[in-house]
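Colleague: Please read through the structure below; I'll follow up with questions.
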Amino acid sequence: MSAIWIAIAVLSALSLVFGGLLGYASRRFAVEEDPIVEQIDAILPQSQCGQCGYPGCRPYADAVGNNGEMINKCAPGGEQTMLKLAALLNVEPQPLGAEEAREPERKVAWIDEANCIGCTKCIQACPVDAIVGATRAMHTVLSDICTGCDLCVAPCPTDCIEMRPVATTTANWKWDLHTIPVRVITVESHA
């Protein structure tokens, strides 16, 4: 019985020593993050789509903050994101490329459930977990969560996933208030 208590005491002492060493090492060798990279990453849409040429939003933010990468490469963020980045970094806004010049039409993935074999490759490819389903059962896309990054289309072995535009409703309609004519009527006061 005393051998068990000795083993428990030795393991407890070792865990305290190693825990202390790890705690010291984490403080001593801590890598300080660049605050500008954190701010850039907060502005980006976090769709992790890779359309900018980087594997996600964090590497792109690191490239913009530390390597002087152009701020107009985020296609999902569009002009709004580019203008916010320009204001943050105190640089001139850069014109978007020809393909990003117009506001991109929002598309979401759509799965033809009749042809879905339930292989789960699309679920594994989705960076935001917008696809639900089970193995060997049909899958479906949660359109409110889907960012339209198009990463789920290529892995599908049956080609049952396609990108479809989001239907325009009153909830997602973008009103162009600058084209609505406004006429100011002056009211005369009679005193």
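Note that Cβ sites are derived from N, Cα and C of the backbone, with glycine treated the same way.
Worth saying up front: this structure is predicted, and the values here are computed from it rather than measured.
Pasting the relevant annotations from Swiss-Prot:
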BINDING   CYS49, CYS52, CYS57, CYS74  [4Fe-4S] cluster 1 binding site
BINDING   CYS116, CYS119, CYS122, CYS156  [4Fe-4S] cluster 2 binding site
BINDING   CYS126, CYS146, CYS149, CYS152  [4Fe-4S] cluster 3 binding site
DOMAIN    107-136  domain '4Fe-4S ferredoxin-type 1'
DOMAIN    137-166  domain '4Fe-4S ferredoxin-type 2'
REGION    1-26  region 'Hydrophobic'
Colleague: Note the Cβ centroid of CYS126, CYS146, CYS149, CYS152, the recorded [4Fe-4S] cluster 3 site, then list each other residue of that chain whose Cβ lies within 8 Å of it, in sequence.
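Modeller: For the [4Fe-4S] cluster 3 site the neighbour list reads ALA109, CYS122, ALA125, PRO127, VAL128, ALA130, ILE131, VAL141, THR147, GLY148, ASP150, LEU151.
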Colleague: Is it possible to list how many residues within the region 'Hydrophobic' (1-26) are helical, extended or coil according to DSSP?
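Modeller: Taking the region 'Hydrophobic' (1-26) as a whole: 25 helix, 0 strand, 1 coil.
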Colleague: Identify all same-chain residues not among CYS49, CYS52, CYS57, CYS74 whose C-beta atom falls within 8 angstroms of the centroid of the [4Fe-4S] cluster 1 site's C-beta atoms; report them in sequence order.
Modeller: LEU44, PRO45, SER47, GLN48, GLY50, GLN51, TYR54, GLY56, TYR60, LYS73, ALA75, PRO76, GLY77
Colleague: So which other residues, same chain and not among CYS116, CYS119, CYS122, CYS156, have a Cβ within 8 Å of the centroid of the Cβ atoms at the [4Fe-4S] cluster 2 site?
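Modeller: Neighbours within 8 Å of the Cβ centroid, excluding CYS116, CYS119, CYS122, CYS156: ILE111, ILE117, GLY118, THR120, LYS121, HIS139, CYS152, PRO155, PRO157, THR158, CYS160, ILE161.
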Colleague: What is the three-state DSSP composition of the domain '4Fe-4S ferredoxin-type 1' (107-136), stated as helix, strand and coil residue counts?
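Modeller: Tallying H, G and I as helix, E and B as strand, the rest coil: 5 helix, 7 strand, 18 coil.
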Colleague: Find the shortest Cα-Cα separation between CYS116 ([4Fe-4S] cluster 2 binding site) and the binding-site residues CYS57, CYS126, CYS146, CYS149, CYS152, and name the residue that gives it.
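Modeller: Result: the closest of the binding-site residues to CYS116 ([4Fe-4S] cluster 2 binding site) is CYS152.
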Colleague: Please report the Cα separation of CYS156 ([4Fe-4S] cluster 2 binding site) and CYS146 ([4Fe-4S] cluster 3 binding site) in Å, rounded to an integer.
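Modeller: About 17 Å separates the two Cα atoms.
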Colleague: Which of these binding-site residues is closest to CYS52 ([4Fe-4S] cluster 1 binding site) if you go by CA atoms: CYS119, CYS126, CYS149, CYS152?
Modeller: CYS149
Colleague: What is the number of residues in the domain '4Fe-4S ferredoxin-type 2' (137-166) that are helix, strand and coil, as DSSP sees it?
Modeller: 0 helix, 7 strand, 23 coil
Colleague: Grab the pLDDT values for the region 'Hydrophobic' (1-26) and give me their mean, rounded.
Modeller: 94
Colleague: If you measure from the Cα of CYS74 ([4Fe-4S] cluster 1 binding site), which of the binding-site residues CYS119, CYS146, CYS149 is the nearest?
Modeller: CYS149
Colleague: Have a look at the binding-site residues CYS122, CYS126, CYS146, CYS149, CYS152 and say which one has the shortest Cα distance to CYS57 ([4Fe-4S] cluster 1 binding site).
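Modeller: If we rank CYS122, CYS126, CYS146, CYS149, CYS152 by Cα distance to CYS57 ([4Fe-4S] cluster 1 binding site), first place goes to CYS149.
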Colleague: Which of the listed binding-site residues (CYS52, CYS119, CYS126, CYS152) has the least company, meaning the fewest other Cβ atoms within 10 Å of its Cβ?
Modeller: CYS119
